[in-house]
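Structure, as structure tokens:
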Amino acid sequence: MTTLHFSGFPRVGAFRELKFAQEKYWRKEISEQELLAVAKDLREKNWKHQVAANADFVAVGDFTFYDHILDLQVATGAIPARFGFDSQNLSLEQFFQLARGNKDQFAIEMTKWFDTNYHYLVPEFHADTEFKANAKHYVQQLQEAQALGLKAKPTVVGPLTFLWVGKEKGAVEFDRLSLLPKLLPVYVEILTALVEAGAEWIQIDEPALAVDLPKEWVEAYKDVYATLSKVSAKILLSTYFGSVAEHAALLKALPVDGLHIDLVRAPEQLDAFADYDKVLSAGVIDGRNIWRANLNKVLETVEPLQAKLGDRLWISSSCSLLHTPFDLSVEEKLKANKPDLYSWLAFTLQKTQELRVLKAALNEGRDSVAEELAASQAAADSRANSSEIHRADVAKRLADLPANADQRKSPFADRIKAQQAWLNLPLLPTTNIGSFPQTTEIRQARSAFKKGELSAADYEAAMKKEIALVVEEQEKLDLDVLVHGEAERNDMVEYFGELLSGFAFTQYGWVQSYGSRCVKPPIIFGDVSRPEAMTVAWSTYAQSLTKRPMKGMLTGPVTILQWSFVRNDIPRSTVCKQIALALNDEVLDLEKAGIKVIQIDEPAIREGLPLKRADWDAYLNWAGESFRLSSAGCEDSTQIHTHMCYSEFNDILPAIAAMDADVITIETSRSDMELLTAFGEFQYPNDIGPGVYDIHSPRVPTEAEVEHLLRKAIEVVPVERLWVNPDCGLKTRGWKETLEQLQVMMNVTRKLRAELAK
């Protein structure tokens, strides 16, 4: 009989219950016990959904109050020593301080989890890091599930992936792989504690196997799993996000009891494991996208597998369902307005049912689920033949693009002269990245407007009032290039998606980005175009309030692509170029309206990189072309900015330079300007604004901290090409700390300008 299991589930709840409870706890509106009760209820509900799908195991250990890699830092005693906390007796309050910072310490650095839109907290490893086991997080969840009479499979990120996703810190140079001999016994203790608590199977996640690992890291898998296999539980080694076929010989030889492979991202890798002689878990339902599977096609893959493997075949989603929204059935508006599109979708709960149908078809025959299979086929056929998806005018515009359509009129050296002639900026010009605090009043006005409780005129007046406040406060602070604050925008991608054709939206399609932050990605289901101007009215209103230059603010094509659920029937590169041309219409309209500084945000450029380096060039070529297409045709005097965050650029700097933005602002404060060194060594040719303080924390930096970062920047970037700005947009901050943080930034800038003028 085929076994059905789950790798992981969304944590936040169908209606973001965890987010709201966390934020109430942080505001001291509920007690720790009340927060714990919400979490316990969510875990139980998740397990019940897995049971309802006829799962043989429920997943435990996947739930977290913030991030599963932070949980692992606590479980291994690898929390940063700079906090002075005891990992063996860490309070929930201290756990949150690790993630969010406190008055004495900045938060742990955050970056993207492989090529997803989820952020994890980056482990800080020092040459003298000591590890200490604390399995409480995993054991408690296992016992909770057992108390409900459930058969549970704990899931833990493996030791090599844990080291791989961390960073070396401290003055002493070392290779973090050298910490493995100290880390491994701690893993043995954690797994042993789970065995003693009754775990039969333990899933160990090693997504690092899907990237280009150095040879010594690959070799280390032999010793690691030889050691871990001595623990008396069965180990399911789980890989995902890409192919591990190149490691097939190694993986077949490892003394583990089962292997999970991602057959959605890399279906071709199945051939490499055709002769695998243990449990093979086939990840056949997409854990990262929202399209309904054609179950008949999936069965064409798994039925021959079952014939060969028998009871050794397990089925699951490709990866944790963390990356998908919770439940399609609550999307009543989408069902009413776009019934065809609704029928093509599957969220987490629908995916669990797809797996239930597959299990039944395999174990009891296709006839036992004939109705469900027919419905799946009908949805696939409807989507393949829909006229809602393909538009001849969009296809023609792309096909008719002339050669060099993506190039600016002149090189940067000429453009910057034309720009400075009218901008007349001082040394170390200051700006903001874009958004200002989204207050309760803003959110209430937007909600009331969407519900029809507030008229369009009243909504516009409310937003204009907020824009006027943002402009006034920036002028008081004496910033050089202003932003309008984006009060009218719910989300930097959703806002544009709502105004572009080919996009659709959900009401409750939230996925976790980090901690309590959730995003509701748009669905790109069809060809993309721009019916009318999207930002011109707001930007020109803001410009009318000030003599200082006002930045137009757009989200770039690659980021819109990366942060959406993208159609999977045409290449992503084609979708991206469609978005770029729609944005180009907006850029040229802004320019016509007198907005001559325009920022095209591309925070997601790096996360779009394929996991295998061999595939990078193709991606970077079409991503760069898409960015340039979005700003093509501008006058030399129009200054194009871009912003990138959560990123490491060292290995893609030529591609970043080839985007040819006049000014790039980047997130650097949490990494102590580490990123900037690469820009200096590469001699990045255009202007650059490294973030001088971390906006992800409410903490107000000291002037000494900001000065330290700015001086580091001056050492690396020629001062005439250096801008000063926060790390990122200020949407999630409160007004009080925002103004205090910006005041510190301005005080330091003035001090250094005076010094440089001498």
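Positions of Cβ are set from backbone N, Cα and C atoms, glycine also.
Going by Swiss-Prot, these are the annotated features:
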type	residues	note
BINDING	Arg16, Glu17, Leu18, Lys19, Lys112, Arg517, Cys518, Trp563, Glu607	5-methyltetrahydropteroyltri-L-glutamate binding site
BINDING	Ile433, Gly434, Ser435, Glu486, Asp601	L-homocysteine binding site
BINDING	Ile433, Gly434, Ser435, Glu486, Asp601	L-methionine binding site
BINDING	His643, Cys645, Glu667, Cys728	Zn(2+) binding site
ACT_SITE	His696	active site, proton donor
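Sequence features, as recorded in Swiss-Prot, placed on the structure.
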{"residue": "Arg16", "record": "5-methyltetrahydropteroyltri-L-glutamate binding site", "DSSP (3 states)": "coil"}
{"residue": "Lys112", "record": "5-methyltetrahydropteroyltri-L-glutamate binding site", "DSSP (3 states)": "strand"}
{"residue": "Ile433", "record": "L-homocysteine binding site", "DSSP (3 states)": "coil"}
{"residue": "Cys518", "record": "5-methyltetrahydropteroyltri-L-glutamate binding site", "DSSP (3 states)": "strand"}
{"residue": "Asp601", "record": "L-homocysteine binding site", "DSSP (3 states)": "strand"}
{"residue": "His643", "record": "Zn(2+) binding site", "DSSP (3 states)": "strand"}
{"residue": "His696", "record": "active site, proton donor", "DSSP (3 states)": "coil"}
_Going by Cα-Cα distance, which of the binding-site residues (Arg16, Leu18, Lys112, His643, Glu667) sits nearest to Ser435 (L-homocysteine binding site)?_
His643
*Among all chains shown, work out which of the binding-site residues Arg16, Gly434 has the most CB atoms within 10 A of its CB.*
Gly434
*To test your reading of the L-methionine site: which residues beyond Ile433, Gly434, Ser435, Glu486, Asp601, same chain only, put their Cβ within 8 Å of the Cβ centroid of those residues?*
Asn432, Val483, Met492, Met553, Gln599, His643, Cys728, Gly729, Lys731
*Rounded to a whole number, how many Å is the Cα of the residue listed as 'active site, proton donor' away from the Cα of Cys518 (5-methyltetrahydropteroyltri-L-glutamate binding site)?*
14
_I'd like to know which of these binding-site residues, Glu486, Asp601, Glu607, Glu667, is least surrounded, judged by other CB atoms within 10 A._
Glu607
*Max Cα distance spanning Ile433, Gly434, Ser435, Glu486, Asp601 (L-homocysteine binders), Å?*
13
*How far is it from Cys518 (5-methyltetrahydropteroyltri-L-glutamate binding site) to Cys728 (Zn(2+) binding site), counting Cα to Cα, in Å?*
17
*Closest of the binding-site residues to Lys112 (5-methyltetrahydropteroyltri-L-glutamate binding site), Cα to Cα, picking from Ile433, His643, Glu667, Cys728?*
Glu667
*What number of additional C-beta atoms lies within 10 angstroms of the C-beta atom of His696 (active site, proton donor)?*
25
*Using C-alpha atoms, which one of the binding-site residues Glu607, Glu667, Cys728 comes nearest to Gly434 (L-homocysteine binding site)?*
Cys728
*Between the binding-site residues Arg16, Glu607, His643, Glu667, Cys728, which lies closest to Asp601 (L-homocysteine binding site), Cα to Cα?*
His643
_Just to be sure I understand the packing, how many Cβ atoms besides its own are within 10 Å of the Cβ of Cys518 (5-methyltetrahydropteroyltri-L-glutamate binding site)?_
19
